[in-house]
Each structure stands twice: as structure tokens, then as C-alpha cells.
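Per TrEMBL, transmembrane segment is recorded for 29-52, 64-88, 94-118, 150-168, 206-228, 240-262, 274-296. The feature domain 'G-protein coupled receptors family 1 profile' is assigned by TrEMBL to 43-294.
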Amino acid sequence: MFSANLTTFHPTVFILLGIPGLEQYHTWLSIPFCLMYITAVLGNGALILVVLSERTLHGPMYVFLSMLAGTDILLSTTTVPKALAIFWFHAGEIAFDACITQMFFIHVAFVAESGILLAMAFDRFVAICTPLRYTAILTPMAIAKMTLAIWGRSIGTIFPVIFLLKRLPYCRTNIIAHSYCEHIGVAQLACADITVNIWYGFSVPMASVLVDVALIGVSYTLILQAVFRLPSQDARHKALNTCGSHIGVILLFFIPSFFTFLTHCFGKNIPHHVHILLANLYVLVPPMLNPIIYGAKTKQIRDSMAHMLSIVGKS
């Protein structure tokens, strides 16, 4: 696997350990992990299918929602099947290039989801603050440009990480104490200076996300100002209700992500298996709950889902 005459090597495979310290519970942990993953894939898949099949749901808000659902499927599918293989079959081996690919898609999905949430906040801002210009501003061309910008920024931000990892010599071990590959976890196995990896890995993606958070905050400040200027209580309630599900999804995405980031930076006394468990729950819980939140809070989606299920039942 590596040269015996050299102090450095480029491993052909890495070994993922799953959740170190909880090996005896891997089988039990696999049950909720598997159920949450199935729920996430089925829920988000059904959401995409409903949006695609119902012409009444082809508006900008639902286009962004289907993008969010697709990103959730990407995030959970990139990580959970490999974790389940480790839990069930002790299949921890992952090729070096496959590890880099997994890392790439995990981080791309994270940055993309942040951008999609910002686009959804902009959609709500236009719908509530300038409703008469909604269709003029959010045209199909504008949505296409926003989609390209979201994914272009995500890929452009994370793509350099591939080269930052491939340039490193690895001399310590090929064992990763995690259930999936992530940038800093892989870089820490190198026997070279990884300062550039640390600064780029934390600062660039987090800067993108922090800009999104700030802009989302500005959007909802303006939205709330516009809502409380509405003349009737019913109008205010209706406007807030249209934002309720989006606010829930925003909190579900950003609070765990920042909590996980802060525990990695400052939680030195927190056991390592707690960090890994939180990282796994982060790629499972939001994708599982997002379609439930939107299904519960959005009448059009509930009605369309019920209509689709009734057709399936009759057939």
C-alpha cells in the first residue's frame, strides 16, 4: 500500500473507523441512522416529485424548495450509506480518490444549501415587500441565474480543496477516526504543514455561509417591518405563516452547523465520539425534517401530496 523505503507515502486507501469509542453500539446506532436516512430520501424524493408533477407548484418558491430537497438527498446519500456499511459489515476501506470525492460533495452540498436558503429568503422578501413585482423580478431566467450562481459558488469554493489535499505527503497513518471523509480530518493525517488547509478549510466556506446568514437576517428584518405595517391582523398572520416553514428550516440548518463548528474549535474537553456523532446527526436530521416541516406548514404541498396519494391508491 505504501513504500517501505520512504518516510512519506500516498495511501491507496483510507480506513474509516465509524464512531470510535462507540464500536460496541454500531449495530444499535445503525437502526435509527437507517430509518432517518430512508425517511430523508423518501420525504425529499416525494417533495421533488410533487413539485415536478403539479403545475400549480411551479412557482419560484417551490423550485427553490425542490433544489433544497435535492441537496438534502445529496448530503445524506454521500455520507450515510458508507457509515451503514461500516456499522453492518465493518467495510471501512475507502479509496483515496473516493475519499476526496466524498469530501468534495459533502462540502459542496453544505455551501449550496446555505445559498439555497438565501435564495428562498429573497423569494419571501420579494413576495411580501413587493408583491406586485414578484413575477417581474423572479422570472425563469432570474431563477436560472440564481441556480447557476449558487452551484458555481459552491463548486468554486470547494474545488481548490482537492488540490490542497492531493499536494500533501501522508506519513502518519491511513486511519480516519470518523465515519466519512472531511477536509481537515484527512489533512491532519499529513506529515507536512497544513496551515493553508486549515485557513482555507475554515475561513472560505464559513465566510460564504456567514455572508448568507447576514443577508438572510437583513431580508427577514425588512420582511418583519413590512409585515407589521400591514393593516389587518389576518394579513399579518398570513404573511408570517408563509415564512414560518422557511424560518424553521433555516434554524434547523444553521444552528446545528454552527454548534458543530464551535464544538470542533473550542470543545476540547468534549469526547471525540460526541463530535463524530453530532457530525453524523447533522447530515441526517435536517434532511429528514425539512420535508416534514414544509409538508406540515404549506397547504399547497399537503393538498398536492394527498391528491397524489389518492391517485396511487385508486390505481
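A Cβ is built for glycine as well, from the same backbone N, Cα and C atoms used for every other residue.
Those TrEMBL annotations? Automatic predictions, nothing curated.
Taking every recorded stretch in 29-52, 64-88, 94-118, 150-168, 274-296 and counting its Cβ pairs under 8 Å to the transmembrane segment (240-262), the highest total belongs to 274-296. If you look at the transmembrane segment (274-296) against the transmembrane segment (150-168), you find fewer than three C-beta pairs under 8 angstroms, all six or more positions apart, and that falls short of contact. Across 64-88, 94-118, 150-168, 206-228, the stretch most heavily in contact with the transmembrane segment (29-52), judged by Cβ pairs under 8 Å, is 64-88. Relative to the transmembrane segment (64-88), the listed stretch 94-118 leads the set 94-118, 150-168, 206-228 in CB pairs under 8 A. In the predicted structure, the domain 'G-protein coupled receptors family 1 profile' (43-294) carries a mean pLDDT of 91.
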